[in-house]
Amino acid sequence: MKIDKIEVQHVKMPLVSPFKTSFGELLEKDFLIIKIYSGEHIGYGESVALPDPTYSEETTGTVIYMLNEFLIPLLLKDEITHPDEVTKRFAPIRRNNMAKAALEGAIWDLYSKQQGISLSKALGGVQTSIDVGVSIGIEPTTDMLLTKVERFLNEGYKKIKVKIKPGYDLEPLAKIRQTFGYDIPLMADANSAYTLADIERIKELDPLKLMMIEQPLAYDDIIDHSILQSELATPICLDESIHSVEDARKAIELGSCKIINIKIGRVGGLTEAKKIHDVCKKHDIPVWCGGMLEGGIGRAHNIAITSLPAFTIAGDTSASNRYWKKDIICPEVTLSTPGKIEVPKGAGIGFDLNETVINQHLISKKVYANPFI
C-alpha cells in the first residue's frame, strides 16, 4: 500500500441539542477528518477527541500536534502491507490513542477498499445488522429526560443510557422505571463521578435492575472497581479504564467488571479493539461499542467493529440525526428497522463523504505529500 498523500481537515459542527455529562457540556463538536490517498482509492478516518481534556488527556489540539509532528511522518516512512502494521509502527509513541486511531482507521478503510470488501468483512465481522442504543445526557428537568426516553423508545432503540452524577442519579433513574417499567433496557453512565466513599449510594441503584453502571469510579482505576463490583449486584461496565488488551485482561482477572465498553479511539484503533473483543469473548465478557459524538466516518467505523460476534449488547451508535442536522456522510446513518442499523456491504466503510457539509463547517485543512515517492 503506497500512500500518495494524507489530508487532515478540521471541522466544527453544532449538535442538535446540548449534551451534558458529569464532566461538562458540549454544544458543538470539533473533530478531524483524515483522508489517505493511494492510487484511485481514499481511506477515511476520524479523530474522536473532545475539545477539552475532560474525557481523556487528548484534545483536538493535541491530536493535530501528534499527527503533524510524529504520527504522519512515521506512517509515510515506509509502505504498509496490512493495517495491523500501523499499531506496531506507532508502538514507540506512548498513549495518544485517539490520534493513532484516526490514522489507523483511515488505513483500514483504504485497505478494505483496495481489497474490494467491506470494512466489516476485513475485520472479521459476521453480523449483517446491529442492535443500537442511545445515550442521553444530564437533562435540566426530569420531564425533559422522560420526553427524550419516550421518543427514543418509540424509535425502537434497544438500550437507553442515561448520564448520572452525584445528586442526579437515583431520582431520575427511578422515575424512568416508574414511568416506563422494568422491561426497558436501561443503564447508567457515571463517567468516573463517584468514589468508594459513595458505595452505599451506588448500591441504592441495585433495586432498579439496571443493565449496568458504566465507569462509576476513577477514570484510571481497576482496583477499587473490583471492590465495588464484589458489593454490587448491578454489573459494572468499564470504559475510561480500558486502553489496551492488557488493561482488559487485568480488569477481567481482578473481577473489576462484568462488561466492557470498547471505543475505537480510546484503545488506539481497530486492531486493538479486535484484540480486546477477542479476549473478552474468550472469558465470556460481553462487549458493546461506545460513542464519542462521532461524525459519520467515526459512526461508520463503529458499525463495522460492532459486527464482530461478541458485540452482544446494543451500542451507542445511534442514527446520524441524533446529533447532527446534516452529517458528513451520504447516505446518512439511519435505522433500517426499529433499533437496528444495517451493516454496509460496499467496499470500505460503505459511505461517501458529503463534501458540501464538510466545507460548510471547515476550519482548516493541511495536506501532507509523501516525500518518499
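Numbers run from 1 along the shown chain.
Each Cβ is built from the backbone N, Cα and C atoms, and glycine gets one as well.
Binding site for Mg(2+) per TrEMBL: Asp189, Asp239, plus Glu214 from the candidate set Glu155, Glu171, Glu214, Glu272.
Here the C-alpha separation of Asp189 (Mg(2+) binding site) and Lys263 (active site, proton acceptor) works out to 14 Å.
Under the DSSP three-state reduction, Lys163 (active site, proton donor) is assigned to strand.
Cα of Lys163 (active site, proton donor) to Cα of Glu214 (Mg(2+) binding site): a span of 9 Å. Within 8 Å of the centroid defined by the CB atoms of Asp189, Glu214, Asp239, the record's Mg(2+) site, lie the Cβ atoms of Lys161, Met187, Ala188, Ala190, Asn191, Met212, Ile213, Gln215, Cys237, Leu238, Glu240, Asn261, Gly290, excluding the listed residues themselves. The sparsest Cβ neighbourhood within 10 Å, among the listed binding-site residues (Asp189, Glu214, Asp239), is found at Asp239.
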